[in-house]
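So that you can see what the record holds, here are the features copied from TrEMBL:
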BINDING   Glu90, Phe91, Thr92, Arg120, Gln134, Glu138, Arg265, Tyr269, Tyr270  L-histidine binding site
DOMAIN    1-329  domain 'Aminoacyl-transfer RNA synthetases class-II family profile'
Amino acid sequence: MSKSKTPSVKTPQAIRGTQDIFGPEAEAFAFVVETFERVRKLYRFRRVEMPVFEKTEVFARSIGETTDIVSKEMYSFEDRGGESLTLRPEFTAGIARAFLTNGWQQHAPLKVGTHGPLFRYERPQKGRYRQFHQIDAEIIGAAEPQADVELLAMADQIIRELGIEDVTLHLNTLGDGDSRDAWRAALIEYFGAVKDELSEDSQERLEKNPLRILDSKDRRDQKFVADAPKIDAYLSDEATAFFDAVTSGLDAAGVKWKRAESLVRGLDYYRHTAFEFIPDEGSAAADALGSQSTILGGGRYDGLMESLGGAPTPAVGWAAGIERLAMLVGEKGEAPADATVVVEDDSLITEGVRSLGRLRAEGLSAEMIASGSPRKRFDKAVKAGARAIVGLSVQDGETNVRIKAEDDMTARIKAVLN
Ligand code: ATP
Ligand code: MG
């Protein structure tokens, strides 16, 4: 490190709501992504990589102007060409845009998964950031309830394979267009009668999208939510049959679920199935996450493609916050190396590098210790806790290799290095 740093130059701070993830937390983050990738392949979802920014209208039109995301959380800016662009606040809208602009209809039903950073201008707090990360899965061009079942079975398996316990799938249906409209009218009447007691936000929602009052985190609204009209009274026969097929499919797949009649998703584009995985009340998971309790959410968005100018295309998807999943995974230690190579003498560094190369080529993780006093190097290697220590020294003008390890490792390393 240089010592000539000018004291008058201040180090810039990180942007509020961003994170520098390191150590055990970074390992937990990686574990979430690796588990997602493994399970994604089991379910035969194809990988996609999406742009981090899109034209603002991609999000404004598909997510809905009255949502929290579009009305107050987007990072939008004009680029040098004067075009309004937005850092993606979610994956679905961009994937839908890509489906239309690339003609991915030919692959329908298309099962895709991705992960990466998202940006929302929210008040930073525990489990809530301005740059956060999600894993995301979508099935586009599938109208059947089996698609919902498959998508939820994958979510459930990922959470189980992460070792996360006491998290339950909360499931609701928002019905088809007709059911939703009738329910909406009933909600306007119900909440309209107590309008003055609602939060300012919900008074506004009453006109534009009363469903969203059910989603409110404000106590003044929550008081009235429990007794609000339920969707079941307004479901068409078709919508009922669809929901029955989803729930019996989940039962067959062994996915536990719980009906949540007030569950709506914040976004405009949802129809039929809506769901969230939420830690059980009083569980360690709930304690760890505090009020930011939803770890995975999604649903069916049959109306989205039309809002982007595409043909009606049924689809269903979910997203889960990697940070929140990682918090529940707990600290993941960094795994010790398979082998630590110690060179007793600096003249052996080249030999050490050669050994490292061979070990790594055989799929063994390895590091070399080649600094500090020769006597202390071996102690350092012991401390590092690798499964094997490979000591290189010079004896009678020749390189001597000593291996200290469990038996099976000794034989394996000998075979690699010879
Ligand atoms: P919330 O109700 O917590 O605001 P949301 O409905 O806005 O969540 P979605 O848009 O459905 O969340 O995103 C899915 C998941 O992404 C959430 O369940 C959560 O795990 C994660 N998530 C959303 N916003 C943030 C954020 N600002 N910081 C960290 N994780 C987030
Ligand atoms: Mg939110």
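Using N, Cα and C of the backbone, Cβ positions are placed for all residues, glycine too.
Contact annotation for binding-site residues (Thr92, Gln134, Tyr270) versus ligand 1: Gln134, each with CB under 6 Å from a ligand atom. Between the two most distant C-alpha atoms of the annotated L-histidine binders (Glu90, Phe91, Thr92, Arg120, Gln134, Glu138, Arg265, Tyr269, Tyr270) there are 21 Å. Mean predicted confidence for the domain 'Aminoacyl-transfer RNA synthetases class-II family profile' (1-329): the pLDDT average there is 93. Neighbours of Thr92 (L-histidine binding site), defined as other CB atoms within 10 A of its CB across all chains, total 23. DSSP assigns Thr92 (L-histidine binding site) to a helix in the three-state reduction.
Sequence-distant contacts of Arg265 (L-histidine binding site), defined by Cβ-Cβ distance under 8 angstroms and a gap of at least six in the same chain, are Asp215, Ala274, Glu276, Gly297, Gly298, Gly299.
Counting every protein chain shown, the number of other Cβ atoms lying within 10 Å of the Cβ of Glu90 (L-histidine binding site) is 19. Cβ contacts within 10 Å of Tyr270 (L-histidine binding site), excluding its own Cβ and spanning all protein chains shown: 22.
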